[in-house]
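Asker: Dropping a structure here in structure tokens format, bear with me for questions.
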Protein chains: 2
Amino acid sequence: MPRLVMKFGGTSVATVERIHNVARHVKREIAAGYDVAVVVSAMSGKTNELVAWCKEAARLHDMREYDAVVASGEQVTSGLLAIALQAQGVAARSWQGWQTPVLTDASHGAARIMSIEPEGIIEGFGRKETAVVAGFQGIHKPSGRITTLGRGGSDTSAVALAAAIGAERCDIYTDVDGVYTTDPRVVSKARRMDRIAFEEMLEMASLGAKVMQVRSVELALKHDMPTYVRSSFDDPDDPRPGTLICREEDIMESQVVTGVAFSRDEAQITLRRVIDKPGVAASVFMPLAEAGINVDMIVQTISDDSMTDMTFTVAASDFDRARALLEKAKGEIGFAALAGAKDVAKVSVVGVGMRSHAGVAAKGFRALAEKGVNIRAISTSEIKFSVLIDAAYTELAVRTLHTLYGLDGED
Amino acid sequence: MPRLVMKFGGTSVATVERIHNVARHVKREIAAGYDVAVVVSAMSGKTNELVAWCKEAARLHDMREYDAVVASGEQVTSGLLAIALQAQGVAARSWQGWQTPVLTDASHGAARIMSIEPEGIIEGFGRKETAVVAGFQGIHKPSGRITTLGRGGSDTSAVALAAAIGAERCDIYTDVDGVYTTDPRVVSKARRMDRIAFEEMLEMASLGAKVMQVRSVELALKHDMPTYVRSSFDDPDDPRPGTLICREEDIMESQVVTGVAFSRDEAQITLRRVIDKPGVAASVFMPLAEAGINVDMIVQTISDDSMTDMTFTVAASDFDRARALLEKAKGEIGFAALAGAKDVAKVSVVGVGMRSHAGVAAKGFRALAEKGVNIRAISTSEIKFSVLIDAAYTELAVRTLHTLYGLDGED
């Protein structure tokens, strides 16, 4: 029998009633002839509650204990869904991370899956038993301690499990019905895509489209696992197909531009009059890297005689820490002043077609200029370009680019 | 170093603030020179919430899944207490039932502890690491599934762990400061006992005194484990001693009567005009036993020529099921009518001194009769007697007996 992994996020399992609805989705796929492994998140809000308790217990807490506490959320959902499935006549059992087992490294709170040993689950399939796997968690075998994969880790659990059991595909059920050309709350003409290439989805996820977590898309790409994003709120007997994330080759008519992503969680830091000597970039970025702060867009301009201005962005949540670290290293780096801005946004245009079409970005810059949107920084890759702009212009820029590249659907 | 087990119930760990208070109690005992293993319950109310979800998912639910869901409550508390202890400078780690491991049989929802393998915890003591053990749970090794011990199971976890690690004693912290001669909410002159014999405590617990769970007292008796009942709400730096449950020989001046217990969770069933033939008792009680319904007090009276009336009690929660089962078997048993009453209570007088003092019960029956309390049924054992009375007379009967046997303290 072909195998299928179905993953349901927190809002899809927020109540026992919704868990019963999830069971109906699972039942449909079993009737369609699949052996199914379901991956579940914690009930909506539960993870936040557990994290808040850990923080209340101690600001700096042992991440091994944090993992033991937080992993309990998915444990609850996996048991409840197994019960709901049984009540609907489907043989099922729950699998905790340590039971499957899902083997991870020891990076508690942000562990990486090393391997999954799916023999127990596959034996269950032989007995027509559906597996309900607690997402987001695993075990570090040498220490025997529970680990969690970090926020959004349930998507990663699902894709990794799909690869481990040789699933035909992986269905990520969420509270939206697919991947859109941009956020429909900002652009009413945003369209749901039928298909999107792994590489495009990876950029969209990295750039602020929150529908799937970056690591899980990377994993789907690595294992060439066709992955659907679809809605758990559809009628279980007549659901819509959602968006298929697949290989570029499997998309018949690819467009030059696939989507427009944006993120307001950015902050800009500019170091004025940095002495432009060899190794200065390292002296700026090493302390940030050591503190786990990711630097994104970097622009360097010559201000005058052997002096340079350096502008770069960090996540807004890292802004205060980054600023403090740099001020501390001011003497060592050698700069005149630090200017920061949190009211900035990054808008990105993504499409594999950019590889073969020249001038896509230039066209975008011109359109933004015509609307009076000032570009503070630019970064590009093979299949996307991003601009940093004043946050107040976010919606205007997104709408302008969405229309420019022919993405608008019906209003 | 001597070893100590400290157990904290749900109200003692109801909030993170209270968990920090628990950590202070633990810290005091470590400072006093003990290696400590702490056993924790779920935060107050959490187990009820988890049980309610299981019931909502399916009225008849797979108890293996129920256990996976419900055991998560203690998992959370164990992690949080480990974090709180670390924050107070105490090295600590959490141990889930499957980690220790606490090995149980496969009776999911009401599993029995087969053995505990405490090597990991004892190795931790060697590193000055306090163990925080999730109570109420274990693992059925052959299946690898999580088990729970049933309600009140955390007390059993604590006493079993104390025996397994060879603890000097086991301290059960709760929301009362010890064991009382009777419920202080009913008799204001109830006194806290300094000591009570295992056998007496066993009767008190069986008869409705809710301070400790019966199985845990049985286990303390079996392993001769001195067990304190004391309050977690006392000042951690200056706590009261509580009540010591210990061997009869370790109580200097034992009284004839130690305490008066009562239970309103009783129901009376009377079968009228049962044909008094051999095997009739079996035909009445076998179907109840098979349905897991415990029968308590049994009274049989000859009504007339080869006919008998049979009266017995069951737990109030089993009343409807028992009645339905008996009505179904009416033809087979052969009785004229079934009469039931739920407005009854059982009042019991306990004391090891009854073994050597005659007439203790008779004195009690007379005192109740003088107050106009009608006795519906009587049962006795070596160290207690119980009477079944109209529920309305419960407080009067308890107060009368409490005074009669010289248990009254200061008001």
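Indices start at 1 and increase along the chain as displayed.
Every residue gets a Cβ built from N, Cα and C, even glycine.
Caution: TrEMBL annotation is automatic and unverified by curators.
Pulled from TrEMBL, these are the listed features:
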- A:Lys7, A:Phe8, A:Gly9, A:Gly10, A:Thr174, A:Asp175, A:Tyr180, A:Arg185, A:Lys210, A:Val211: ATP binding site (BINDING)
- A:Thr47, A:Glu74: substrate binding site (BINDING)
- A:269-352: domain 'ACT' (DOMAIN)
Asker: Which chain-mates of A:Glu74 (substrate binding site) that are at least 6 residues away have a CB under 8 A from its CB, listed by sequence?
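Answerer: Listed in sequence order: A:Val40, A:Ser41, A:Ala42, A:Gly97, A:Ala134, A:Gly135, A:Phe136, A:Gln137, A:Ser154.
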Asker: Determine the mean pLDDT over the domain 'ACT' (A:269-352), rounding to the nearest whole number.
Answerer: 89
Asker: Would you kindly give the Cα-Cα distance separating A:Thr47 (substrate binding site) and A:Lys7 (ATP binding site), rounded to the nearest Å?
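Answerer: With the alpha carbons as reference points, the distance is 17 Å.
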Asker: What does DSSP say about A:Thr47 (substrate binding site): helix, strand or coil?
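Answerer: In three-state terms, A:Thr47 (substrate binding site) counts as helix.
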Asker: Cβ neighbours within 10 Å, counted over all protein chains: which one of the binding-site residues A:Lys7, A:Lys210 has the most?
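Answerer: Per the Cβ count within 10 Å, the most buried is A:Lys7.
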Asker: I need the CA-to-CA distance for A:Thr174 (ATP binding site) versus A:Thr47 (substrate binding site), whole Å please.
Answerer: 17
Asker: Given a separation of at least six residues and a C-beta threshold under 8 Å, show me what packs close to A:Tyr180 (ATP binding site) in the same chain.
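Answerer: Once residues fewer than 6 apart are set aside, A:Tyr180 (ATP binding site) is near A:Ala190, A:Arg191, A:Arg192, A:Met193, A:Gly259.
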Asker: For A:Gly9 (ATP binding site), write down the residues of its own chain that are at least 6 apart in sequence and whose Cβ falls under 8 Å from its Cβ; none is a fine answer.
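Answerer: Expected: A:Ser41, A:Ser154, A:Ile172, A:Tyr173, A:Thr174, A:Asp175, A:Ser232.
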